[in-house]
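Comments concern the structure below.
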Amino acid sequence: MTSVASSSSRIVTESPVVVALDYNNRDSALAFVDLIDPRDCRLKVGKEMFTLFGPQIVRDLQQRGFDVFLDLKFHDIPNTTAHAVAAAADLGVWMVNVHASGGARMMTAAREALIPFGKDAPLLIAVTVLTSMEASDLLDLGVTLSPAEHAERLARLTQNCGLDGVVCSAQEAVRFKSALGHNFKLVTPGIRPQGSDAGDQRRIMTPEEALAAGVDYMVIGRPVTQSADPALTLKAINASLGKVTG
């Protein structure tokens with residue numbers, strides 16, 4: 001089984017930057033994307049955009065050469081989650097995610113659903129603790145562990161299920177790299193270049209701090225999408241990380 005995305009249209013990037021596209025207007029989203037270079041970043045499509053515009057928005061981005069992280073955080077019974085992950089793979093996305101709190105059987109089913117895709121399978125990662133959550137939020141859910149402790153427990157479960165990595169805060173990255181190994185990928189939202197507004201993220205870091213902490217892929221949204229010159233902003237971020245992207 002192979003994905004529908006054409007590998008010939010994809011442009012390989014060495015950048016760890018994933019730009020979060022949070023648009024409710026398709027034309028505005030594509031107008032922004034046409035300002036940037038797929039050598040400088042990958043793109044993340046979340047629930048709002050995918051619900052509004054459907055799979056075609058992913059194809060539109062792929063046709064422009066971009067790898068796409070489909071950030072839908074699947075969390076359902078194992079069979080349903082497995083079919084959803086397989087559908088994402090069939091769409092040709094570069095990365096897809098599930099909620100680790102869905103449990104071991106769900107995550108294992110999701111991983112097994114990607115076996116038929118072979119080398120074309122997307123990276124499969126799990127969400128541990130949302131970066132907007134604090135200890136008081138977890139306590140409301142009956143979780144007495146700190147966000148860091150709960151995230152590490154879920155990350156270990158994710159690795160035991162054979163997934164490729166986790167979404168975690170940058171503050172957890174150093175410990176996770178040490179505990180879970182270099183090959184276990186860490187994807188981190190809440191990344192803000194120096195001087196950017198924190199927005200609704202509670203646990204944030206600069207790109208340079210995130211790279212030093214062991215983050216493999218850093219999700220950056222408004223500091224790029226709301227920049228007066230997003231292409232220049234991306235070049236500057238990549239340069240600060242020692243990445244020459246073209």
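Even glycines carry a Cβ here, placed using N, Cα and C.
Pulled from Swiss-Prot:
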ACT_SITE  Lys73  active site, proton donor
BINDING   Asp22, Lys44, 71-80, Thr131, Arg192, Gln201, 221-222  substrate binding site
Site of maximum Cβ density within 10 Å, from binding-site residues Pro78, Gly221: Gly221
Thr131 (substrate binding site) versus Lys73 (active site, proton donor) - Cα distance in angstrom: 14
For Leu72 (substrate binding site): intrachain residues, at least 6 apart, with Cβ closer than 8 Å: Gly46, Lys47, Phe50, Ala84, Ala88, Val96, Asn97
DSSP-derived class (H/G/I helix, E/B strand, else coil) of Pro78 (substrate binding site): helix
Cβ neighbours of His75 (substrate binding site) where a neighbour is any other Cβ within 10 Å: 18
Per DSSP, three-state class assigned to the residue listed as 'active site, proton donor': strand
DSSP state at Asp22 (substrate binding site), helix/strand/coil: coil
Number of other Cβ atoms within 10 Å of the Cβ of Thr131 (substrate binding site) across all protein chains: 25
